[in-house]
Amino acid sequence: MQPQNLHLDYSLVEAILIPFIRNEIRKFGFGSVVLGLSGGIDSAVVCELAVRALGAQNVLALLMPYKTSSQESIDHAQLMVERLGIRAEVTPVSEVVDAFFATRPDASRLRRGNVMARSRMLCLYDVSARDGCLVLGTSNKTELMLGYGTMFGDMASAVNPIGDLYKTQLFGLARHLGIPAPLIDKPPSADLWEGQSDEADLGFSYDAVDRLLYMMLEERMDRDAILAEGIDPAFYQRVRSMVVRNQYKRMMPVIAKLSSRTPGIDFRYARDWQEVR
Ligand SMILES: Nc1ncnc2c1ncn2[C@@H]1O[C@H](COP(=O)(O)OP(=O)(O)OC[C@H]2O[C@@H]([n+]3cccc(C(=O)O)c3)[C@H](O)[C@@H]2O)[C@@H](O)[C@H]1O
Ligand SMILES: Nc1ncnc2c1ncn2[C@@H]1O[C@H](COP(=O)(O)OP(=O)(O)OP(=O)(O)O)[C@@H](O)[C@H]1O
Ligand SMILES: [Mg+2]
């Protein structure tokens, strides 16, 4: 498999995603969106696309730093706000998160990170109720496949335009859209604790894992064919087990089937199932 196979015609991607956002937001009578703008590349790309789809006046960015969030992240989020001329609100999550852990002082870094992500989700959904808008999602395909995100936290949204794009492709789309270089050039980080980096957390690079995921998913190659491409067997096994282990993050909760039409099992109409009057 050639690494260039991963790359897409980003003009075409843009041409698909802009009407996608417009249609998926407007078909229920909504006209505007809110999203968490972190200063990272994923939310910058989603924000840029949303402005192109709906207009700057219809996009609200929430900047939700925790007290350890880096100043650079905040600056980069501000850079996007200025570039796009959108409305922005700063709603730090430090007090909420710290109040929660005041009675749980021994909680691990993982638990703290998840509560941080879920506190941001609280803010986003509260604003969506306040303003009558929808929450735009920013989880990319690599994160969704690996389960590298907090369920009901940063993974929660109404509409996610980038969930079928690998991180490597996000970089390509960001360049195509003209996202400022400082956001593209820095290492991706969940920014949940000081100095965190996705690639250090995961123990492999996005280039390597996207190449492997592409062979597993798009090219449907089996283990032998993938190893013949020079992929390390331990790396293959690790990624495969992450994909399998985190399947639940990509599904509805399991529902005990008691009737002939169970939500999510036999009742699987599309989100826009027409109301019969
Ligand atoms: N088989 C199963 N079926 C259904 N539910 C299952 C389950 N196994 C666990 N669970 C449940 O899921 C929970 C674990 O999932 P979850 O709570 O999501 O948390 P978890 O997967 O443990 O951690 C989240 C991961 O995402 C990373 N993250 C978080 C936030 C942002 C970013 C970023 O890149 O910005 C990255 C974070 O560093 C960490 O590696 C368990 O505590 C359990 O309740
Ligand atoms: N400080 C923050 N303020 C607002 N939203 C945030 C903040 N931190 C995280 N988020 C939200 O959580 C999402 C998940 O973070 P994640 O790090 O995966 O994406 P990113 O920061 O946009 O890009 P990158 O992965 O390159 O850092 C973000 O896209 C954003 O919507
Ligand atoms: Mg980030």
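Backbone N, Cα and C define each Cβ position, glycine as well.
Unlike curated records, TrEMBL annotations are generated automatically.
Copied over from TrEMBL:
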BINDING   Gly36, Leu37, Ser38, Gly39, Gly40, Ile41, Asp42, Ser43, Thr138, Lys167, Ser189  ATP binding site
BINDING   Asp42, Glu143  Mg(2+) binding site
BINDING   Arg118  deamido-NAD(+) binding site
DOMAIN    18-253  domain 'NAD/GMP synthase'
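All features noted in TrEMBL, drawn onto the structure.
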residue	record	Cβ within 10 Å
Gly36	ATP binding site	26
Ser38	ATP binding site	27
Gly40	ATP binding site	22
Asp42	ATP binding site	22
Arg118	deamido-NAD(+) binding site	19
Thr138	ATP binding site	27
Glu143	Mg(2+) binding site	24
Ser189	ATP binding site	21
Exercise. Measuring Cα to Cα, tell me the gap between the residue listed as 'deamido-NAD(+) binding site' and Asp42 (ATP binding site) in whole angstrom.
Key: 18
Quiz item: What Cα-Cα separation, expressed in whole Å, is found between Asp42 (ATP binding site) and Glu143 (Mg(2+) binding site)?
Solution: 11
Practice problem: For ligand 3, pick out the binding-site residues Gly36, Asp42, Arg118, Thr138, Glu143 that have a CB under 6 angstroms away from one of its atoms. | Solution: none
Practice problem: Report the mean pLDDT of the predicted model across the domain 'NAD/GMP synthase' (18-253), rounded to a whole number. | Solution: 97
